[in-house]
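Worksheet: the structure to be examined is printed underneath.
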Amino acid sequence: MVTFYGKTFASRLLIGSALYPSPAIMQGAIRAAGSNIVTVSLRRESAGGKTGDAFWNLIRELDVAVLPNTAGCRSVREAVTTAKLARELFGTSWIKLEVIADNDTLQPDVVGLVEAAAILIKDGFEVFPYCTEDLSVASRLVDAGCKVVMPWAAPIGSARGITNRDALKLLRDRLPDITLVVDAGIGAPSHAAQALELGYDAVLLNTAIAKAADPVAMANAFRLGVEAGRTAFEAGLMNARDFASPSTPVVGTPFWHAVS
């Protein structure tokens, strides 16, 4: 079980709703993933039009929690305005906060992100900030009132997996009471498993499932990867070693096997 702002969910896999070949495949993938939380973009769908109504009905049929995002916003003002519109439209105080600084890398504007988070939290929002793996940025977000922090594994859509394991591990070690979600850059179920093995509470992804040859099958694979990673973390992974360590004890080895 994982908790976000006082609400508890069974699945540790959060999934996006964009880029799927069809609405039916999107629904099938979300079901196969077992996800309880789906991200939606206000910029992509407008509930005021026929397309928006149809999309919203599909999401409602899934009986999942909705996490609106501010994807595409490049300023504090734009992100705050989009968040307020999303709250009115979707009826939730949750917001996945994105403030983008660079078009090529889609790297977060960390200064603007912290500023926007502080504004929204004062206005009653429960913020899920998309950030880099920088500890100082994450700490500032926590100081602003965020109870969830979502560092990237790698740039959005890159499918490169965890590129800075040490930094992500440091975040987990230094922020033990904060819900941490790896968001962006996940390309394979093994990447998701690695994040959960580090002690992260969940992962959020979209492209790796939506752009797979078989999104529904891939969603199931990610579900299994997340479950395996969390189970491994709870079981207690052995520490890595620089040198070999025999798995077979030498005590009691027959003398004729001894090395002279």
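Note that Cβ sites are derived from N, Cα and C of the backbone, with glycine treated the same way.
According to Swiss-Prot, the feature active site, schiff-base intermediate with DXP maps to Lys96, an assignment based on sequence analysis. Under the DSSP three-state reduction, Lys96 (active site, schiff-base intermediate with DXP) is assigned to strand.
Around Ala184 (1-deoxy-D-xylulose 5-phosphate binding site), the same-chain residues at least 6 positions away in sequence with a Cβ under 8 Å from its Cβ are Leu106, Tyr130, Trp152, Ala153, Ala154, Pro155, Ile156, Gly157, Ser158, Leu204, Leu205. Annotation comment: Swiss-Prot describes Gly157, Ala184, Gly185, Asn206, Thr207 as 1-deoxy-D-xylulose 5-phosphate binding site.
Cα spacing between Gly185 (1-deoxy-D-xylulose 5-phosphate binding site) and Lys96 (active site, schiff-base intermediate with DXP): 16 Å, rounded to the nearest whole number. Within 8 A of the CB centroid of the 1-deoxy-D-xylulose 5-phosphate site residues Gly157, Ala184, Gly185, Asn206, Thr207, the other residues of that chain are Pro155, Ile156, Ser158, Ala159, Ile186, Gly187, Leu205, Ala208.
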